[in-house]
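Accompanying notes for the structure given below.
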Amino acid sequence: MTEERKNQKQEGSKVKTFPVSFALGEIKENITITTNSASNTSKEQKRFGDQSKTIKKKDTNTITKPSKDQIINQAFKFHSQGNIKEAAKNYQYFINQGFSDHMVFSNYGAILRDLGNLQDAELYTRKAIKINPNYALAYSNLGNVLKDLGKSQDAELSYRKAIQINPNYADAHYNLGIILKELGNLQDAELSYRKAIQINPNYADAYSNLGNVLKDLDNLQDAELSYRKAIQINPSYADAYSNLGNVLKDLGNLQDAELSYRKAIQINPDYAEAHFNLGNLLKDLGKLQDAELSYRKAIQIKSDYAEAHYNLGIILKDLGNLQDAEFYNRKAIQIKPDYAEAHFNLGIILKDLGNLQDAEFSYRQAIQIKPDYADAYSNLGNVLKDLGKLKDAELSYRKAIQIKPDYAEVYSNLGNVLKDLGNLQDAEFSYRKAIQIKPDYADAYSNLGNILKELSNFTDAINQFKDALKLNNELTSAQTGLMSTQGNICDWSDEETHNKWLKSLGIKGKAINPWGLLSLEDNPLNHLKRSKKFYKEKYVRATQYIKPSPKSLIHIGYFSADFRTHPVMQLIAPLLELHDKYRFKIYLYSFAPKEDEYTERAKKSGCIFRNIKNLNDIEAVELARSDQLDIAVDLMGYTRHNRMPIFSYRVAPIQINYLGYIGSIGSDTIDYIIADKITIPREYEKFYSEKVIRMPNCFICDDHKKEITKESISRKDFNLPDQGFIFTCFNNNYKITKKEFNIWMNLLRKVEGSVLWLYKSNQLSMNNLYKEASKRKIDRDRIIFAEKLPMSKHLARHSLGDLALDTFNCNGGKTTCDALLAGLPLLTKIGQSFTARMSASLLTSLGLPELITYSESEYEDKALYIASNSEEIIRLKSKLNKSKETSPLFNSKLFTQDLENIYLDLVKK
């Protein structure tokens, strides 16, 4: 009995089972049973069972050998009874005696075939033909032997010779049908089976195999009829019931298909293939536990059943039992080493287990076995991307496309890796190609939206996200992308819908990068849930324990793509320079997309600078481990260009989340987060997977070396009115929500002659904010946008403002530092999330708690009070300028010492 399997399409990381199709009827092997004497030979035949014995006549001592006819009759008797061993002994005895008979040679050849001795089987069958060239049965049996020897075309010729000799030889037509099907000649195979049935209308096996051919020809209805006819002829025909189940399954009649499989099993409880096929059906019905039982039963019956081990592995993966899934996939490969699909799915399981290097090996094994395996190249590309081998990933995706030019999913994945390589135009092309191939491919529209957003083509990006959501209104990447892009341009038209999404986005369903949602809601519990889910789905790796190694200096490693002109680098530059190099050995692991004057500053800081941009994750991990770090500090989190996998593998006994991502990573591979008593009070520790390290003053310190230009500036230089109160907010526009803006417009309405001075992030955000002001009856002239300036001039222009207004969900961080350093008081509303408490921390460190409010109404009232009382703003500015001189916020040396003391305490633990 054979099994026919069809490879099904594998998309991304999805695993498909291989249905075992049709159990073929056995090749018909014929023997001739006849007697050559009319005498009663039963007693003699018993004595002839062992040719080493002789026959004694009753009345004499003469030894008499059995006659030719006696030997033949004895052999035929045993053969007809199924006693192959004794039949073979008698046939061999006959041959050893020098006798010759075409039927004996043919039958003996049939036995030798059953015993696996194909060469001798062919020899004796050909001898039968030589003796009797018109012996159709021998030609048919020779065809069987040749088929087993892999000589399919010679087998076809033998069957045709048998039919030429005997056109009504049903078994020969049947066997010819089998070999023609094997040779791919389905139409002629159908004709052969139909001829066998015409000769023998009760030929159940022929009906069953005809059904197989009809199914392969996609003639499912006729295939069903053929199987049912086989069952009508032979109601105990288990194979036909199993095959009927297969075709009913393909016809979508799943309930009847299940009944057919169960009937096959009822007839033959040890029918492994029927248990296997039932398992496939149960899997399709979502009955995974029942499917598991069916596969296990198939394996119990047939321990070397590679396909059953393979599909059991798939079921166990779907049930979340990855270790057992790995075991059964490996068992399938052990049974069948060239099983490309098992190597492929083992790669998927290993990737899910975080064992990326072994996953890569499995995919490469699948490709070695099956060089045109596009799905394997695609998944290899995925794992290479996760390993940080971006160039290799690109090559793998391109190979998949070469094999399968219409592979839309690979074009989309290629776009992702090109995006990570910074090749945005080619990434855009790849996404558009994916959509061209598959116009209903929602993920590709979403990915295209993201690349257009990065290219600042916000309007087209929004259209792509909306197109994606038309195709799949629950696509989380499109929901996130749309909210983020609309936030970037201050488009609040879909705010109600966004608020509904936020309740479950990234918490239920597919994980998303939580970074983009930090500014959209102040909910630390939701932020934590998103982080945990995102880390678990994307960054689980085979983590290695790193044993601390005592050294004369404590080795600290900072990892960042932002050792360049970036807020993070601008804040930590003094820290890197002031670290005590006699107690600490500082390593900077940079993967910045470009270098500039701040990169040079990092290189000159006295730290060991390592550019790991072109290293893949494994290479970067090995390098960092060779540096024997005591503490590794991640300055990226989930922000753009992050290398979270480095920390997932673990490069130091102590790993810390700091500054770049103002929230929890949601992983037990990050041990600590640096905060302070304001940003994470003790009652909020439950919102962080990390243990909280609290700086004694503030979680950050601004660069004490910043210069403020001494050039004379005036309001006129920046299109500000000569008179009137100036509210400012130089936070990025994406941080502004309708809540703040409503309050700000109320303030402009209540404070006569006042203006709002905002940072111009992009033209669309400026236009939309003008429109929102108009909706609130505020003249657009009262909103003024500030262009980007060099840092020294940017700091200087703060002196023209009267009061900085903070955003709620995501405060200013570096922006708040800039305002305070420049002497501009800032009003904030403290929230719950780290991002919503940053400014409160900074103000506390400056001794300005009166600028911290606790509700929207208090925020508005306080701003109105300050704007309406010139003496209050003078007092606040005076207090701020005095505090700056002594505040820890601008004391880089003190901050560095405090942080080093924390590092020392951690290492001691």
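Cβ coordinates come from backbone N, Cα and C, glycine included.
Pulled from TrEMBL:
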DOMAIN    536-707  domain 'O-GlcNAc transferase C-terminal'
DOMAIN    714-899  domain 'O-GlcNAc transferase C-terminal'
REGION    36-56  region 'Disordered'
REPEAT    102-135  repeat 'TPR'
REPEAT    136-169  repeat 'TPR'
REPEAT    170-203  repeat 'TPR'
REPEAT    204-237  repeat 'TPR'
REPEAT    238-271  repeat 'TPR'
REPEAT    272-305  repeat 'TPR'
REPEAT    306-339  repeat 'TPR'
REPEAT    340-373  repeat 'TPR'
REPEAT    374-407  repeat 'TPR'
REPEAT    408-441  repeat 'TPR'
REPEAT    442-475  repeat 'TPR'
Legend entry - Counts of helix, strand and coil residues, the repeat 'TPR' (340-373), according to DSSP: 27 helix, 0 strand, 7 coil
Inset, instruction - For the repeat 'TPR' (374-407), could you work out the same-chain residues 6 or more beyond its ends whose Cβ comes under 8 Å from its Cβ atoms? - result: 9-13, 340, 343-344, 347-348, 351, 356-357, 359-360, 363-364, 366-367, 413-414, 416-418, 420-421, 437, 615-620, 643, 645
Legend entry - pLDDT averaged over the residues of the repeat 'TPR' (170-203): 97
Inset, instruction - Would you mind splitting the repeat 'TPR' (374-407) into helix, strand and coil residue counts from DSSP? - result: 27 helix, 0 strand, 7 coil
